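Notes follow the structure.
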Amino acid sequence: MSNTIVVVGAGVIGLTSALLLSKNKGNKITVVAKHMPGDYDVEYASPFAGANHSPMATEESSEWERRTWYEFKRLVEEVPEAGVHFQKSRIQRRNVDTEKAQRSGFPDALFSKEPWFKNMFEDFREQHPSEVIPGYDSGCEFTSVCINTAIYLPWLLGQCIKNGVIVKRAILNDISEAKKLSHAGKTPNIIVNATGLGSYKLGGVEDKTMAPARGQIVVVRNESSPMLLTSGVEDGGADVMYLMQRAAGGGTILGGTYDVGNWESQPDPNIANRIMQRIVEVRPEIANGKGVKGLSVIRHAVGMRPWRKDGVRIEEEKLDDETWIVHNYGHSGWGYQGSYGCAENVVQLVDKVGKAAKSKL
């Protein structure tokens, strides 16, 4: 069954959705977006991601991340030009953080003491207490992937174009404006809304349960492996600590912050100093023992994760008698690691509403 589809948004969620939809050669797909791979803008979260695959969902909601893991694993093994590589990941937990998360009702599976993903990662193991960073109570490690977003996003766009997807730049004030933007010259019967944080103010959506989860990072030339992710830090309420070395010379990401509701787009030098100081304390070899002065900074950056109070929104909505909307937004900090699983869900919904629309003709 063929559909005329306009995908609004060209971040990792929009492009992955377009790619999987394009596998049906009957679909006529147009991607429209204000920002494209190669752009660096605080509104465009995807380039600022680490990015990696560190499961965050509960086991009951884990299917999106499970499906995506196997696709990223395939890309490492078969498509090296995608900019994804295997990298060992070390997770460090503090009991105070995990207990707080449990009380809040929003536990992060990544820091669970009995994580569901221990059976997904073949070499998963709990660390011996002697391996755990001072100040943390327990840890685990496994081989995951790290993604060079500067390579991966253009690769993803190229795969879409290879499959016949047409890409346009546009700024939409209302989701309904996408009805006039199909390259096929006719009204699309389906619009995929993959605008991320843009859904907060996009007319026709205006989802006020959306908010930025501000992330500040430092990108350095220094190399360091394995990846490091911690459940929390002693100082700085919105501060977290992580490190990941991107594939193919993409630099090493030092983080960071997870500050829900903070719209500040400029890097804070005090936060930057805290980020770097923490990293050189737990991983002094990254700077050859020279402390912060031994870090070769490429840039300081801020990205806005598309946080949503009730989690990701993937559902269909009737716009009018001609067109349906399929929403795919609100992924917060796990857009990459849920991208393929969520896109598969989008394909299912597109098939569902496409059949429903045609049955009424």
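Here the Cβ of each residue, glycine as well, is placed from N, Cα and C on the backbone.
The record from Swiss-Prot ties Ala10, Ile13, Lys34, His35, Ala45, Ser46, Gly50, Asn52, Ser332, Gly335, Tyr336, Gln337 to FAD, and of the options Arg74, Arg299, Arg305, Arg313 it ties Arg305 to that site too. Within the chain, the signal peptide (1-22) has long-range Cβ neighbours (under 8 A, six or more residues past its boundaries) at 28-33, 35-37, 44-46, 49, 51, 149, 152-153, 156-157, 159-160, 163-165, 167, 172, 175, 178-179, 181-182, 184, 186-196, 198, 328-329, 331, 335-336, 339-340, 342-344, 346-347, 350-351, 354-355, 358. Among the binding-site residues listed here, namely Tyr242, Gly335, Gln337, Tyr242 has its C-alpha nearest to that of Asn222 (N-linked glycosylation site). Comparing Cβ neighbour counts within 10 Å across the binding-site residues Lys34, Arg305, the minimum falls on Lys34.
For Asn193 (N-linked glycosylation site), the number of other Cβ atoms no farther than 10 Å from its own Cβ, over all displayed protein chains, is 28. Cα of Gly335 (FAD binding site) to Cα of Asn193 (N-linked glycosylation site): a distance of 14 Å. Counting other Cβ atoms within 10 Å of each Cβ, the lowest count among the recorded positions Asn222, Gln337 belongs to Asn222.
All protein chains included, Gly50 (FAD binding site) registers 27 other Cβ atoms within 10 Å of its own Cβ.
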